[in-house]
Amino acid sequence: MAETVREAVIIGGNRIPFARAHGAYAKASNQDMLTSALNGLVARYGLQGQQLGAVSGGAVLKHSKNFNLVRESVLGTPLDPKTPAYDVQMACATGTEAIGSLANKIKLGQIDSGIGGGVDSISDAPIVVTDELRGILMEANRAKTLGARLKALAQIRPGHLAPQAPGTGEPRTGLSMGEHMAITAHQWGITREEQDELAAASHRNLSATYEQGFFDDLVTPFKGISKDNNMRGDSTVEKLAKLSPVFGKDLGEEATMTAANSTPLTDGASAVLLGSEEWADAHDLPKLANFVDYEQGAVDFVDGAEGLLMAPTYAAARMLTRNNLSFEDFEYFEIHEAFASTVLAQMKAWESAEFCRDKLGLDAPLGSIDRSKLNVTGSSLATGHPFAATGGRIVATLAKLLHGKPGKLGFISVCAAGGQGITAIIEGR
Amino acid sequence: MTEPRRIPLPELGSLYRKAALDAAKSKLSTTGSLKALPQRPVLAEHPGITEEQAEAYRQLVHGEVFDGVHRASLPSVLVHIAGFPVQMALMSQREFPLPLLGMVHLSNHVHHHHPVTAGQPLQILARAENLAPHRRGTQVDIVLEISAAGQLLYSSTSVYLGRGSYLFDKPDAAAPREDFTPPVKTALWTLGAEAGRDYAAVSGDYNPIHLTGLTAKALGQKRAIVHGMYSAARMLEGREPEGAGHQWSIQFAAPVALPGKVAFAAEQVEEKVTRFTGWNPRRAKPHFTGELILP
């Protein structure tokens with residue numbers, strides 16, 4: 001094995017605008033959206049007919065017929081059909097994991113190029129039959145005689161026929177992600193005002209960034225929309241203050257989480273092109289940033305020992321220690337806004353000497369994050385959050401922000417269901 | 001101790017039919033209430049909990065797989081289910097002083113001494129003790145002792161209330177209820193209208209109070225209520241040690257009406273002690289409290 005690994009370079013990204021669920025993309029499937037995001041990337045970087053090392057991605061809500069979602073999407077693009085593709089799934093960290101693992105393959109010299117990304121559709125979510133009905137149908141399927149088959153089918157009761165839509169509840173606690181976050185936010189004393197401020201800033205930043213034309217080479221229109229349609233550029237703290245809480249309502253007066261400081265359910269897709277330096281140079285492609293490192297984390301949330309969405313705090317501590325870095329070394333911070341309170345709770349935890357010592361095992365707190373460096377182009381509260389597509393949005397955006405700033409670092413934090421999360425470091429060039 | 005009366009393993013359906021008949025009869029004659037408990041325990045041989053039952057139970061509580069390698073020890077509540085018909089037979093004897101139907105489960109204390117596995121033949125002994133006054137009637141302890149080949153594996157004391165059956169002088173007004181402040185919830189149980197029927201299908205306990213709104217109304221509940229032991233099952237799932245030796249208890253405050261939601265908290269209060277609370281998330285009223293002590 002080589003003692004040093006080579007750089008994995010982020011060349012560029014593409015996504016379709018994110019759309020609120022049951023709206024503009026109501027009739028688009030995951031495969032439709034991912035194929036479109038890939039097509040945009042192929043067109044932008046002239047990848048037609050090229051055989052890439054791998055395409056990796058996934059969707060959190062996936063139909064069983066989409067067992068090979070990414071491969072099927074690739075076959076629908078002008079990429080060389082000899083390009084291998086595979087699905088990954090790590091809840092909301094799916095896209096980041098897909099990109100991170102591709103970067104590792106590039107660093108190790110296993111592949112020279114790859115596309116990582118993800119897609120999700122709430123509008124075309126897989127509706128399934130009840131466990132009871134599936135059991136009966138499978139029993140009928142296994143039956144060898146008509147009589148046995150009819151006997152099996154005769155067990156079907158009206159109650160078995162209700163369709164089952166996927167929920168956002170954690171299987172082991174029955175609590176929705178918002179309810180989990182409400183508990184964590186309350187424990188950390190996150191106020192309504194600071195959540196609303198973060199939400200308003202997210203919309204303001206995203207809107208300003210669109211106006212600057214920053215997303216012109218990151219977003220390709222789809223189904224008649226060209227901007228994330230959840231964005232409210234005129235959003236103000238005063239307007240947001242009028243909304244009633246939707247999560248943690250059993251906290252009464254102390255409930256703080258509203259529809260505006262929580263991400264809406266969204267449809268969308270994203271993709272990021274990575275390659276080795278040699279591959280990028282050989283194809284005359286830009287080199288925006290290096291994908292330096294990433295770290296997965298998971299916490300024991302089931303009985304409330306840790307908050308569901310706090311895993312990135314642990315991943316960050318390990319990742320920064322390993323790279324001998326502190327928050328002062330970073331130019332930009334991209335902390336996925338699953339909820340405004342998620343970002344605020346993570347930041348409070350990193351500021352807490354007690355938490356950093358007792359939970360993260362650090363001698364000193366990681367410290368505070370300069371708000372002027374946080375989610376400067378807006379984040380999920382404004383763009384929306386099609387679960388698996390968020391990683392690709394963040395990596396491409398941050399890489400472009402760091403382009404032309406050689407050596408400057410960007411920090412990424414993405415929380416995920418199941419008490420998991422990912423943090424990552426990218427470096428401008 | 002009095003020699004137990006040996007009985008064949010009872011069938012719960014017929015016991016409930018008899019209970020309903022007895023209830024109807026007692027409407028006709030209000031006299032003749034017995035004030036003493038039957039002295040003789042009852043004893044029955046159980047052929048063993050089947051793998052199918054264990055699988056049905058696991059699906060009910062969404063538990064981890066019984067693969068016979070990493071998980072073979074059956075959950076306490078499933079062992080209780082095996083013993084329940086014997087307890088019912090004891091309580092439906094003519095000499096039992098409290099009417100079976102409408103009996104309210106107040107609490108359960110369990111010591112699960114050793115593992116019980118599928119297919120293991122069991123001896124189930126049930127006896128009644130401590131008939132005592134309660135402000136809403138008369139309470140009684142039902143003790144279950146479950147053994148295999150002479151070794152005691154499981155013992156439990158279930159306290160039941162015969163509501164409105166005053167076999168003693170009515171005690172003075174109860175101590176005022178303590179204020180209930182819910183702990184931080186760690187889970188939310190969403191129970192459908194079918195939760196009682198589903199537990200009945202697994203446990204065989206088709207007490208009509210758990211089945212439908214109509215049958216529950218007949219027994220004085222506004223809506224069907226979930227079995228108390230269902231809450232115990234959910235509370236304990238995934239927490240019982242494979243080698244057993246643990247103790248647990250549950251005290252029921254107010255029944256869970258169906259359909260409904262139960263906010264739940266599991267708090268580790270000491271290294272080997274977990275405290276549980278279940279409550280109504282809308283009204284912040286407790287449904288139950290419980291405790292698990294690991295060996």
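Cβ coordinates come from backbone N, Cα and C, glycine included.
Note that TrEMBL annotation is computational and uncurated.
These come from TrEMBL:
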DOMAIN    A:9-278  domain 'Thiolase N-terminal'
ACT_SITE  A:Cys92  active site, acyl-thioester intermediate
DOMAIN    A:287-427  domain 'Thiolase C-terminal'
ACT_SITE  A:His385  active site, proton acceptor
ACT_SITE  A:Cys415  active site, proton acceptor
The one of A:Cys92, A:Cys415 whose CB sees the fewest other CB atoms within 10 Å, among these active-site residues: A:Cys92
Cβ neighbour count within 10 Å of A:His385 (active site, proton acceptor): 25
The domain 'Thiolase C-terminal' (A:287-427) - residue tally per DSSP class, helix then strand then coil: 59 helix, 34 strand, 48 coil
Between A:His385 (active site, proton acceptor) and A:Cys92 (active site, acyl-thioester intermediate), the C-alpha gap once rounded to whole angstrom: 9
Confidence summary for the domain 'Thiolase C-terminal' (A:287-427), mean pLDDT rounded: 97
